[in-house]
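This report concerns only the one structure given below.
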Amino acid sequence: MNKSAQQKSAHVTTRRLLDMKHNGEKISMLTAYDYTMARILDRAGLDVLLVGDSASNVFAGHSTTLPITIEEMVYHAKAVVRGVHDESGRAMVVVDMPFMSYQISGDEALRNAGKIMKEHGCDALKLEGGKIIADTVKRITDVGIPVMGHLGLMPQSIYKYGSYKVRAKEGVEAEQLLEDAKIIEEAGAFAIVLEKIPSVLAAEVTRSLTIPTIGIGAGVACDGQVLVINDILGLNREFHPRFVRQYADLNTVIEHAAKQYVEDVRQSNFPSPDESY
């Protein structure tokens, strides 16, 4: 075995995530949208990298996830997959299917799922929705494409909700979410993201399923957690939701570095003789 191969870690698979749930090991997941960040996060030991349609917000500046296209998702996914491959190769890469790429018909959903998988070599896809997309999930998983579900607050349905408030706080909606989770599991999903739901409900869903749950604003009882990388790094001063823990203030760090650069250029302090040819 060559040195490069020795440095590669065992790649995280759907089977590994299932084993982690059964062994009580928590699953760590963050979003990634580019090559450099993917390498850093894979090196840091993340189990899963999500190429989220949240790129529409944090990368392109849109107010919702709806505008991003399949072609744009493929662009980001290719970069992330290359990053993981060029680092340890350990992290699983999951890609969001964007709005209206799987809702029109089962045939179109299957065609788009195949397109996304073939064009960048990711490990799995993520779809939002409950029983209304169960047949689609089954069709996609039946051809061998792993699917991660997403329930609770579903950003692709933001205009239906009218806000980003906590979902399933009332009895009827909570019961429906629990039912949807079981239906999506039966349809073949290997895991389900639970977003902004009461922690008590998330715990109940987690206990009721044999597949892992990944929480975002859903409490500590979930089998794992996911956050947007920009949020934990403090890159957006205007966005401070309750469920995000900020681990760094890169907004300030980057701004300070840029200001220093501007000053050095204006004062002819950069480049120095050592930085010139």
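Each residue, glycine too, has its Cβ placed from N, Cα and C.
Summary of the site annotation: Swiss-Prot records Mg(2+) binding at Asp96, Glu128. Screening the candidates Asp47, Asp53, Asp107, Asp142 against this entry identifies Asp53 as the one listed for that site.
Less than 8 angstroms from the CB of Asp96 (Mg(2+) binding site) sit Leu50, Val51, Gly52, Asp53, Ser54, Thr65, Met73, Leu125, Lys126, each of them six or more residues away in the same chain.
The separation of Glu128 (Mg(2+) binding site) from Glu195 (active site, proton acceptor), Cα to Cα, is 11 Å. Secondary structure from DSSP puts Lys126 (3-methyl-2-oxobutanoate binding site) in a beta strand.
Neighbouring residues of the recorded Mg(2+) site, listed in sequence order and excluding Asp53, Asp96, Glu128, comprise Gly52, Ser54, Thr65, Met97, Pro98, Phe99, Lys126, Leu127, His150, Pro155, Gln156 (Cβ within 8 Å of the Cβ centroid). Across the recorded positions listed here (Asp53, Glu128, Glu195), the residue whose Cβ sits among the most other Cβ atoms within 10 Å is Asp53.
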